[in-house]
Structures are given as structure tokens and as C-alpha cells.
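S.K.: The structure under discussion is supplied below as C-alpha cells; questions concerning it will follow.
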Amino acid sequence: AHIGVGISGQEGIQAVLASDYSFSQFRFLQRLLLVHGRWSYLRMCRFLCYFFYKNFAFTMVHFWFGFFCGFSAQTVYDQYFITLYNIVYTSLPVLAMGIFDQDVPEQRSLEYPKLYEPGQLNLLFNKREFFICIAQGIYTSVVLFFIPYGVLSHATQSNGVPLADYQTFAVTTATALVIVVSVQ
């Protein structure tokens, strides 16, 4: 994203008033770019990868379930889980990452400006990284759907009554999904 930086000086404050960030001295620009700009880029890239990963894992479980329910309107998750998945269950890891994530200390970013290069070269989020996130999400959905399905579809009590039902499968899959995506 492009930001406007205004440096107040003898020319007046018109540039400062029209800018996103304003400084009284030019030397403060170094810290804005090398520390905060770099951290912001890093956090945004990690957020985007996590966002695509968790939502593909969530959605693809629905896709796999469609094959086993005849592509009816039945969803694999409870309606409340679907509503709260992005709002409550998977928002805390992203929030914590956005607040606390720092790969190197502030002083290190200033000492080694070469650390800024991945942002300039767009190395942390590009088409390749996007497809890796998607592939991880699809792989996670396969594991999260087919392992519980394989285990629960053949589980019976000693008297021959099926041990699991749709609700057991849905809760197992949803719980596993929240745990796996939160730990990721």
C-alpha cells in the first residue's frame, strides 16, 4: 500500500496536513520504513496466508461432505459454528499475531536494512505462497474430514448399534478444525 509522508519544514504544513504520517525531521522516516513498515508487511502476509488457509480448510470439508450426502443442502457443521467460525473461533490467533508478531527486534531492523528486501521483492506473499496456503488448506480439509469419517462410519457398540451419528461426526470435525487451524 502507498502511504503519504509529510515532513514539516519551512515550506509550511500543507504537506503535513495531507499526509498519512507526519514528522518534524527527515531522520524519523528510517524507523517508519525499516521497522514499522517491515513489521506491517510481515504481519499482513502472514495474516493473508492464515486467512486463506483456514477458510479453505473450513470450506473444503463442506465440499467433501457433499459427496457423502448426495450434494443436498445439508451442511456438515452446526449453523452456530458456521456463524461463529470466523468471528470467534479463529479470530484470536490473527489478533494476537497482528499485535505481538515481531520476527526480529526493532534495533536489528535498523542495523540491517537488508531485512527490508523481502518486502521490496514481494517474497512473502505472491502467487506461489498463495497456492501453498490453498494446498495446505485442502490437505487439512482432507485429513479433518476423512479420518473422522473413516473412524466413525464403522464404529459400533458391542450389541451392533452404530456408535456415531451425524451430530457426533459434525462436532468431532468442527472441534478438530478449530484446534488444527488455531495451532497452525
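Even glycines carry a Cβ here, placed using N, Cα and C.
Heads up, TrEMBL stuff is auto-annotated, nobody curated it.
Note that this is a predicted model, so its numbers are computed, not measured.
What TrEMBL records for 16-183 is domain 'P-type ATPase C-terminal'. The feature transmembrane segment is assigned by TrEMBL to 47-68, 80-100, 130-151, 163-183.
If you look at the structure here, what lies around each of the features I listed?
M.R.: Same-chain residues lying 6+ beyond the ends of the transmembrane segment (130-151) with a Cβ under 8 Å from its Cβ atoms: 48-50, 52-61, 63-65, 68, 76, 169, 172-173, 176-177, 180-181, 184.
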S.K.: Can you name the far-off residues of the same chain, 6+ from the ends of the transmembrane segment (80-100), with a Cβ under 8 Å from a Cβ of it?
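M.R.: The answer is 43, 46-47, 50-51, 54-55, 58, 174, 178, 181-182.
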S.K.: Sequence-remote contacts (6 or more beyond its ends) of the transmembrane segment (163-183), Cβ cut-off under 8 Å?
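M.R.: Residues 53-54, 57-58, 61, 76-78, 81, 85, 89-90, 92-93, 140, 144-145, 148-149, 152-153, 155-157 contact the transmembrane segment (163-183) from elsewhere in the chain.
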